[in-house]
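Engineer: Mind looking over this structure? Questions follow.
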Amino acid sequence: MTALELSSPVAVVGTGTMGQGIAQVALVAGHPVRLHDAVAGRARAAAEAIGARLDRLVEKGRLDAAERDAARARLKPADGLAELADCALVVEAVLERLDVKQQLFRELEEIVAEDCLLATNTSSLSVTAVGGALRHPGRFVGLHFFNPAPLLPLVEVVSGFATDVTSATRAYETARAWGKKPVACADTPGFIVNRIARPFYAEAFAVHEAQAADPATVDAVLRECGGFRMGAFELTDLIGQDVNESVTHSVWQSFFQDVRFTPSLAQRRLVESGRLGRKAGRGWYDYSDDAERPGPHTADKEPPPAHVVAEGGLGPAAGLLTLIREAGIQVREEDEVDGTRLVLPSGGRLVLADGRTSAESRDVVHFDLALDYRTATRIALSASENTSPQTLAEATGLFQALGKDVSVIGDVPGLIVARTVARIIDLAHDAAAKGVATEEDIDTAMRLGVNYPLGPFEWDRRLGRAFARAVLDAMHERDPSGRYAPSLALYRHAYAIDKREGTS
Ligand SMILES: NC(=O)c1ccc[n+]([C@@H]2O[C@H](COP(=O)([O-])OP(=O)(O)OC[C@H]3O[C@@H](n4cnc5c(N)ncnc54)[C@H](O)[C@@H]3O)[C@@H](O)[C@H]2O)c1
């Protein structure tokens with residue numbers, strides 16, 4: 001099954017933010033495009049707005065003037081649905097309401113040909129439910145574009161229960177022919193990206209709610225240590241707290257209030273008080289002209305320890321040993337011990353975040369997981385009342401000697417990056433095992449849809465398959481609400497490896 005012919009007209013119904021973007025993509029790809037909106041005059045205004053965007057592309061040298069003129073000539077507003085009768089594909093981007101979308105498709109089915117592909121751009125409704133009103137639901141798919149559609153390459157091609165393989169394939173190939181990167185996905189709450197990304201926000205908010213770190217510190221650690229493009233607080237301010245919360249809420253509700261997706265009380269309060277983010281001038285941060293953006297908490301300078309003893313290797317943090325030696329600090333390695341840690345001159349231990357609190361052991365400092373310890377510019381440390389000031393000072397001085405800023409946060413298990421990445425990996429395994437998408441498509445979706453530095457499966461391979469399960473097991477033991485319970489899929493995955501290594 002191939003992509004739609006470029007000569008086939010494509011219709012976009014609902015010409016707001018997403019409709020305009022999708023129409024521009026289909027138009028620039030070469031299709032004749034019809035625009036329709038329920039509000040009189042909006043389709044015409046959308047055509048003008050798209051034309052103006054094409055002008056800017058010409059000015060920037062990304063489109064030549066002749067192509068722009070041809071594209072403009074192919075773009076037509078339609079006053080009524082009847083004008084869409086000869087379209088080969090209709091993409092709907094109207095109000096996010098099931099009854100409105102179902103009614104629209106019922107009307108469309110009376111007008112278009114039997115082989116016309118019908119698609120919804122819904123981000124939170126079930127594709128199966130939207131298509132449920134159709135007499136021929138086999139030709140109905142989800143085509144979930146991301147905003148801004150002309151710029152972001154990812155499109156989730158969602159198959160509802162009744163979607164034909166041929167229709168899904170045709171939609172997939174058409175998105176590809178439009179220069180997009182489609183991923184195939186089953187109809188589940190949040191599809192791929194909005195499902196697997198939830199912990200990125202939830203864990204940051206949870207660390208803050210636990211009083212362990214303020215937003216600026218969490219954001220800095222996610223960026224400078226975790227390798228994420230933006231921190232969760234600044235990103236949700238950009239997205240809009242109301243928009244981000246409504247996605248979380250909808251995924252949580254759709255999963256019958258599964259505790260793994262529970263929304264954040266702190267975010268609820270922000271929304272209730274109208275602190276919706278940048279668009280409101282205030283969210284987690286203050287965006288008024290005279291407001292000063294708070295910086296992360298950064299520890300004062302401490303002298304580096306003269307030597308450390310590395311016991312049992314450091315697992316995913318093993319690369320640190322080279323960096324420590326390069327910084328002129330003596331490292332003695334001892335393999336035949338139980339567990340992995342760095343022993344400092346004080347006798348205190350520095351342990352990679354493992355899902356336990358620092359308070360549980362005498363004189364322990366935990367350090368966070370970094371995407372890459374060499375390039376990370378900041379590291380989070382957590383200590384407790386059972387940690388001696390000398391041990392915390394030596395741990396701080398050690399990372400500072402490696403050129404890192406140090407943020408000392410409260411004693412939360414899994415610190416900031418480790419808990420976030422472990423949960424993302426877990427949800428990715430859970431989704432793949434339940435047939436939501438392939439591992440490869442999940443990695444692609446998370447890299448392109450939310451700019452993660454690595455896909456969850458790539459991250460998992462890099463960390464070693466036991467890492468996420470161990471962190472979550474320990475966190476689940478400390479918080480048995482179910483929020484951190486590792487999925488069956490993660491257990492199976494880790495067990496298979498343990499068996500191969502002969503350790504179980
Ligand atoms: N905004 C995003 O970031 C984003 C991303 C992905 C998907 N989506 C989804 O795309 C859809 C549209 O979102 P948006 O942000 O573009 O909304 P929007 O409010 O900017 O535009 C919606 C448009 O649909 C029109 N409309 C409403 N009911 C209609 C009907 N029955 N027939 C024809 N037109 C109708 C409205 O007049 C409006 O112009 C929603 O389903 C949303 O969940 C949005």
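All residue numbers here begin at 1 and follow the chain in the order shown.
Cβ from N, Cα, C; glycine included.
Keep in mind that TrEMBL annotations are predicted by a computer and have not been checked by a curator.
From a predicted model like this one, the values you see are computed outputs, not experimental measurements.
Per TrEMBL, the features are:
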{"type": "DOMAIN", "residues": "10-187", "note": "domain '3-hydroxyacyl-CoA dehydrogenase NAD binding'"}
{"type": "DOMAIN", "residues": "190-287", "note": "domain '3-hydroxyacyl-CoA dehydrogenase C-terminal'"}
{"type": "REGION", "residues": "285-311", "note": "region 'Disordered'"}
{"type": "COMPBIAS", "residues": "290-304", "note": "compositional bias 'Basic and acidic residues'"}
{"type": "DOMAIN", "residues": "350-413", "note": "domain '3-hydroxybutyryl-CoA dehydrogenase reduced Rossmann-fold'"}
{"type": "DOMAIN", "residues": "414-490", "note": "domain '3-hydroxyacyl-CoA dehydrogenase C-terminal'"}
Engineer: Take the region 'Disordered' (285-311) and find every residue of the same chain, 6 or more past its ends, with a Cβ under 8 Å from one of its Cβ atoms.
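Structural biologist: Same-chain contacts beyond the flanks: 213-217, 219-221, 233-234, 237, 278, 321, 324, 327, 329-335, 337, 339-345, 350, 378, 381, 393-394, 396-398, 400-401, 405-409.
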Engineer: Tell me, what is the mean pLDDT of the domain '3-hydroxyacyl-CoA dehydrogenase C-terminal' (190-287)?
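Structural biologist: A mean pLDDT of 97 is what the model gives the domain '3-hydroxyacyl-CoA dehydrogenase C-terminal' (190-287).
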Engineer: Across the domain '3-hydroxyacyl-CoA dehydrogenase C-terminal' (190-287), what are the DSSP residue counts per state (helix, strand, coil)?
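Structural biologist: Counting residues per DSSP class in the domain '3-hydroxyacyl-CoA dehydrogenase C-terminal' (190-287), I get 62 helix, 3 strand, 33 coil.
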Engineer: Give me the DSSP three-state residue breakdown of the domain '3-hydroxyacyl-CoA dehydrogenase C-terminal' (414-490), ordered helix, strand, coil.
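Structural biologist: Result for the domain '3-hydroxyacyl-CoA dehydrogenase C-terminal' (414-490), in helix, strand, coil order: 53 helix, 0 strand, 24 coil.
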Engineer: Looking only at the compositional bias 'Basic and acidic residues' (290-304), how are its residues distributed among DSSP helix, strand and coil?
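Structural biologist: Secondary-structure breakdown of the compositional bias 'Basic and acidic residues' (290-304): 0 helix, 0 strand, 15 coil.
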